[in-house]
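*Asks:* If you scroll down you'll find the structure; I have some questions about it.
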């Protein structure tokens with residue numbers, strides 16, 4: 001797979017551990033080899049190769065281990081169980097670690113969270129507080145002779161030409177304001193230095209270039225000022241002669257963009273500076289330098305975005321046209337560039353030949369969260385990793401021709417966290433020759449998305465090649481809605497006639513049923529009146545004529561057998577009996593009537609109420625007697641009123657030949673004042689009963705409530721006296 005029989009390995013960090021995979025050949029799959037390291041851990045946060053590939057470092061939640069890549073033996077261990085990020089120096093002699101800044105009760109001012117270790121000895125040589133998770137990395141010169149870091153807006157420089165003793169004291173300082181950024185250029189030694197200073201109030205932001213160690217205010221090589229910059233990203237080319245500044249604001253004051261405003265500026269070490277021209281409005285999605293250091297690519301504009309290749313004069317060399325893209329990646333030799341659309345885009349990947357300015361392949365890699373070229377410049381890896389995506393994790397290895405060479409899908413329940421290629425020193429691989437020949441690959445096991453165009457439901461079911469529906473013209477008839485014909489109109493008339501006939505039949509049936517109900521009601525009322533008159537005669541309370549011929553319409557089959565032997569039946573009982581007979585006749589006339597489902601539900605509740613009432617009567621006998629007296633008086637009044645209403649309604653329904661009957665009152669004239677006093681006393685006794693029940697349940701009563709309970713005997717005597725009085 002690689003030149004000179006060197007096969008780059010893949011370092012994999014997952015939710016179950018850390019391991020390295022390698023391939024035995026160009027057409028062989030990647031897998032774990034017995035000579036490669038593997039460690040099971042669920043707390044690994046970071047993995048990293050040194051730039052020359054001589055060391056591999058990873059954290060396992062207990063410590064940081066550094067391995068030699070020539071034999072994969074342990075080089076040293078660092079006591080940093082909470083290490084969050086790992087970063088090697090350019091030559092791999094030092095390792096920087098960063099962890100979250102924490103304040104404790106023992107150390108309220110906080111302790112250092114950024115450390116520098118010497119790989120050869122594993123000794124800590126530098127530590128400092130870096131609270132921000134962004135821009136925590138220190139800057140190094142390519143030969144590691146200069147170490148620079150920004151602390152509290154001040155740029156600090158350390159000279160390491162004499163070894164680790166240079167970490168003890170700073171050699172240069174440049175004052176600035178908070179939010180400043182420092183960047184040391186690669187390549188030449190001594191290096192070029194870029195320092196960004198954010199603007200204050202109405203003053204513009206500014207970026208200045210210096211040549212170390214000449215860092216005076218009058219010794220700037222180039223300067224670029226700009227307004228509307230809340231954040232700046234600095235990007236050097238490989239030689240350290242050109243610098244790109246991507247400025248951005250948090251909020252677009254014009255309201256044209258949700259992502260704020262972005263602008264791209266260029267500076268070089270000769271003192272030239274300019275703004276990179278962009279021909280389309282919108283955000284700047286990606287900026288990448290070519291490894292050749294003479295050109296760079298910019299992806300910008302609203303979707304579909306544009307992509308263009310620029311030279312060091314900021315002139316457009318080639319326009320890649322528009323497309324769904326937001327990322328750009330050069331291979332290590334700069335002869336291939338990938339333009340891709342990841343994130344919320346469908347995952348189109350275009351591989352372009354930079355020299356010939358033509359597209360070699362166009363593939364789709366959906367759900368990609370990580371992309372990286374292999375050090376040999378021929379292959380690249382795409383991965384779906386967590387926590388960005390927790391479903392469908394895995395990685396794939398492609399040839400630049402678009403052929404899929406390897407695929408691994410992570411098992412369900414596990415998460416792939418990171419994938420990195422093993423790095424190598426420069427000149428290990430030769431620049432590959434780009435051809436249009438398609439490499440032979442494998443077929444992906446993942447299902448492909450459907451390429452069919454969406455068809456609305458009302459257009460489906462036709463010819464597969466032509467989904468267009470032919471709409472036939474329809475004739476219209478004056479006075480009818482569009483689409484109606486004469487047959488529709490005739491059918492509608494026939495349906496209306498049938499509907500009218502059905503309504504007439506239903507009305508006749510309803511009239512007959514009403515007549516039957518009226519006849520049954522009159523017969524029932526006559527029987528009830530006859531029974532009531534017979535009962536009054538038996539008691540001697542009525543002086544009217546009891547001849548059966550006086551009521552010729554009364555049913556003669558109804559006799560006094562329904563009267564209870566004790567003679568205490570009331571008008572309410574007669575009405576209930578009449579209602580039962582009436583319900584039977586209604587069921588015969590209308591057999592489709594349904595039963596009342598609430599009757600069965602009410603029976604258990606009535607039984608419970610009766611049991612509760614019996615228990616209370618047993619416990620409060622005297623008080624219940626008072627309530628019964630009040631209830632009996634109320635019932636007698638209700639029976640008298642109901643009897644009068646019944647007689648009145650019956651007289652209105654009788655024919656002219658029935659004589660008017662004279663009635664005598666069944667009870668003595670009621671005394672309204674006496675009844676009112678009885679009701680008042682009975683109500684007081686009922687309230688006393690409720691208070692006593694609350695007292696037995698353990699509730700604390702007030703003094704006035706206790707006084708009411710003590711008056712119970714007095715109220716009982718008063719009630720008895722009222723009942724016995726005339």
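Quick reminder: no glycine exception, Cβ is built from N, Cα and C everywhere.
Pulled the feature table from TrEMBL, pasting it below:
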type     : residues : note
REGION   : 27-47    : region 'Disordered'
COMPBIAS : 29-43    : compositional bias 'Basic and acidic residues'
DOMAIN   : 224-416  : domain 'Translation initiation factor beta propellor-like'
REGION   : 438-621  : region 'Disordered'
COMPBIAS : 442-453  : compositional bias 'Polar residues'
COMPBIAS : 484-502  : compositional bias 'Polar residues'
COMPBIAS : 503-519  : compositional bias 'Low complexity'
COMPBIAS : 527-540  : compositional bias 'Basic and acidic residues'
COMPBIAS : 543-564  : compositional bias 'Low complexity'
COMPBIAS : 587-621  : compositional bias 'Low complexity'
REGION   : 635-681  : region 'Disordered'
COMPBIAS : 635-664  : compositional bias 'Low complexity'
COMPBIAS : 670-681  : compositional bias 'Basic and acidic residues'
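Have a look at these and tell me how they're positioned relative to everything else.
*Replies:* Beyond the region 'Disordered' (27-47), the same-chain residues lying 6 or more positions past its ends with a Cβ under 8 Å from any Cβ of the stretch are 9-11, 13, 15-21, 56-62, 67, 72, 83-86, 397, 405-406, 408, 417-418, 420, 440.
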*Asks:* For the compositional bias 'Low complexity' (503-519), give the DSSP counts of helix residues, strand residues and coil residues.
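*Replies:* Taking the compositional bias 'Low complexity' (503-519) as a whole: 17 helix, 0 strand, 0 coil.
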*Asks:* On average, what pLDDT score does this prediction assign to the domain 'Translation initiation factor beta propellor-like' (224-416)?
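*Replies:* Within the domain 'Translation initiation factor beta propellor-like' (224-416), the model's average pLDDT equals 88.
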*Asks:* With DSSP, how much of the compositional bias 'Basic and acidic residues' (29-43) is helix, how much strand and how much coil, in residues?
*Replies:* 0 helix, 6 strand, 9 coil
